[in-house]
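Accompanying notes for the structure given below.
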Amino acid sequence: NSSDLSPPSFILASIPGLEAAHFCMAILLCSMYILAVTGNCVVLFIVKMEISLHVPMYFFLCMLAAIDLALSTSTVPRALSLYWFNSTEISFSACLVQMFLIHTLSAIESTVLLAMAVDRYMAICHPLRHAAILTNAVTVKIGLVAMARGVIFFLPLPLLLLPLPFCSSRVLSHSFCLHQDVMNLACANTTPSVVYGLTAILLVMGLDSVLICLSYILILKVVLSLASWKERLKLFSTCIAHICVVLAFYVPLIGLSVVHRFGKDLAPLVHITMGNIYILVPAVVNPIIYGVRTKEIQRRILNLIHICKDRT
């Protein structure tokens, strides 16, 4: 039967047995999505308006904000239609497009986080050369390289799934499409897809995480060489926000990978929760982290609040 070999659609996962809680789940997702969109838009607006923030560090922050907006927008509205309107089916082509966007945007975010780590390394370890090397033009080029790297490495993922036959179950583990999730539904040899997917992850997220750790080892070496503890804390405090953002990205990513690899017998709620954390937590917490750690952003937000209060 050709309809078994070429599925017209997949079934997005809801929470079995908790259909009554779908509305509450949708409210929670919608609230987090609104926070993510509002927070990242505020960051983009403030960096644009505040001339003092027109430096590579905050241009990289704008890239993160744009990526988080794109990633959450490509997944959350579709998940909300699932919980609010019980729209469980997603077409095969739409699923592949969503999968490509999720993995590509994640790869771009990983590259930007690496660039931010290099920026911190240059600012602390080579402060006199920092401004000369990391110019605004170089920052734009790094952003373009990050985009090209994500597309080149992760475009083959949906292409490898296109010729595969799909049969039996069409039910996914999440409310959005991931490569390993869709691949597991194929009733054919998926070794090339498995090997390439693992290779792409290791060469992008794996390599980036190692280089980020290396940059902070070098930063720590310089910081510890200072005589004064006050100077050490002051210097290293400039990295705190970036470290928190790195953890907010990589911890959910590793958690989701572990659940996919070892959690086949876990309850569906665990898979769905980990997937939503992976998609939404970085988008929600990144603006908060930089808002708390950056005085210029705090001051601009307070000014906006005062202006809104005066108008009302």
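Yeah, the Cβs are placed from backbone N, Cα and C, and that goes for glycine too.
Since the structure is predicted, the reported quantities are computational estimates derived from the model, not experimental observations.
According to TrEMBL, the transmembrane segment annotation covers 20-46, 58-76, 96-118, 130-155, 194-223, 235-257, 269-292. The domain 'G-protein coupled receptors family 1 profile' annotation in TrEMBL covers 39-290.
Only residues 6 or more beyond the boundaries of the transmembrane segment (194-223), in the same chain, are considered here, and those with a CB under 8 A from a CB of the stretch are 103, 106-107, 110-111, 113-114, 117-118, 120-121, 124-125, 149-150, 153-154, 156-157, 160, 179-180, 183, 232, 235-236, 239, 243, 246, 250, 253, 257. For the transmembrane segment (269-292), the residues of the chain that approach it from at least six positions outside its boundaries are 13-15, 18, 29, 32-33, 35-36, 39-40, 42-43, 61, 64-65, 68-69, 71-72, 75-76, 79, 102, 109, 173-176, 178, 241, 244-245, 248-249, 252-253, 255-256, 259-260, 263, 298, 301, judged by C-beta separation under 8 angstroms. Listed by sequence, the residues of this chain that lie at least six past the ends of the transmembrane segment (130-155) yet keep a Cβ under 8 A from its Cβ atoms are 54-56, 59-60, 63, 100, 103-108, 111-112, 115, 118-119, 122-123, 200, 203-204.
Regional average pLDDT for the domain 'G-protein coupled receptors family 1 profile' (39-290) in the model is 90.
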